[in-house]
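This report refers to the structure that appears directly beneath it.
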Amino acid sequence: MVAGSPVLNQSGPPEFVFRAFTTVPEFQALLFLLFLLLYLMILCGNTAIVWAVCTHSSLRTPMYFFLSNLSFLEICYTSVVVPLMLSNIWGFQKPIPLAGCGAQMFFFVTLGSTDCFLLAVMAYDRYVAICHPLHYTLIMTQKLCIQMVAGALGLALFLSLQLTSLIFTLPFCGHLREINHFLCDVPPVLRLACADIHVHQAVLYVVGILVLTVPFLLICVSYAFITSAILRIRSGEGRRRAFSTCSSHLTVVLLQYGCCSLVYLRPRSSTSEDEDRQIALVYTFVTPLLNPLIYTLRNKDVKDALRHAIISKAASDTN
């Protein structure tokens, strides 16, 4: 038996295990430290943005309200995946029960879908701010902002509940319960079913189109109007500021939608489990890590707020 491989229970309630990244102890330690460091950086970076927006009155605008919600989602999103992933890197793989796998899939799909919907909401916010600046405060009221975030979460919850409940009505083959992934994602779990899954794959594509394609098209339409409006701005400084704000959002959009589309919208015949796992590492670690970096390094207001907070904290400590 290969070291570190689990002994699968062939009877009783179904259990799943995640395939190990490596069985070499030295590499396991290296991966554990790397993923732990990335996770801590994600927590610190996104928490800093949430804290800055909540404590600085200059950032209490719709754009930063959505940004703080995005950062909070990234914290929850990675926390659903990474702690369990870290616990499985060293030693024998720990089995996860059917209910635990279903719960992780539900929260992972819910938070990931909300993330995609929220990026579309942020594009609409930029559209109103740049194309209708005189009516911005009248349109983007606090009530509407809260309703848009709640609507994104509600739709994500509905789609995730339907998809997860449908998948976990399938029977799973006892000798194929090893998931070639580091989380209970939809495609690798579907591969373990010992029943016809054509209907389930069709539902997955429909959900993928609703979560990825439709919001991305809305973002493209918003940015078509935004680009046209920016090109009409006569002030060079105003044009640069508008482009800077929008380019930060577009960078995050391309990373998020690009990686997720490769996993969920490609034909199953053209994908491999190893490729899906590598791509999943990008939207599990890279995108949540880059979000705070992109929005702070390219956003003067956030940088000023964080700098002021650090200076105030240092001054209070010395007094």
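Glycine too: its Cβ is placed from the backbone N, Cα and C atoms.
Over in TrEMBL, the protein carries these features:
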type: DOMAIN; residues: 45-295; note: domain 'G-protein coupled receptors family 1 profile'
type: TRANSMEM; residues: 29-52; note: transmembrane segment
type: TRANSMEM; residues: 64-86; note: transmembrane segment
type: TRANSMEM; residues: 106-124; note: transmembrane segment
type: TRANSMEM; residues: 144-168; note: transmembrane segment
type: TRANSMEM; residues: 202-226; note: transmembrane segment
type: TRANSMEM; residues: 247-266; note: transmembrane segment
type: TRANSMEM; residues: 278-297; note: transmembrane segment
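Scored by C-beta pairs under 8 angstroms, the transmembrane segment (278-297) has its highest count with 247-266, from the stretches 29-52, 106-124, 202-226, 247-266. Within the chain, the transmembrane segment (29-52) has long-range Cβ neighbours (under 8 A, six or more residues past its boundaries) at 21-22, 59, 67-68, 71-72, 74-75, 78-79, 82, 85-86, 89-90, 285, 288-289, 291-293, 295-296, 302, 305-306, 309. Only residues 6 or more beyond the boundaries of the transmembrane segment (144-168), in the same chain, are considered here, and those with a CB under 8 A from a CB of the stretch are 62, 65-66, 69, 98, 102, 105-107, 109-111, 113-114, 117-118, 121, 124, 186, 189-190, 193, 200, 203-204, 207, 210-211.
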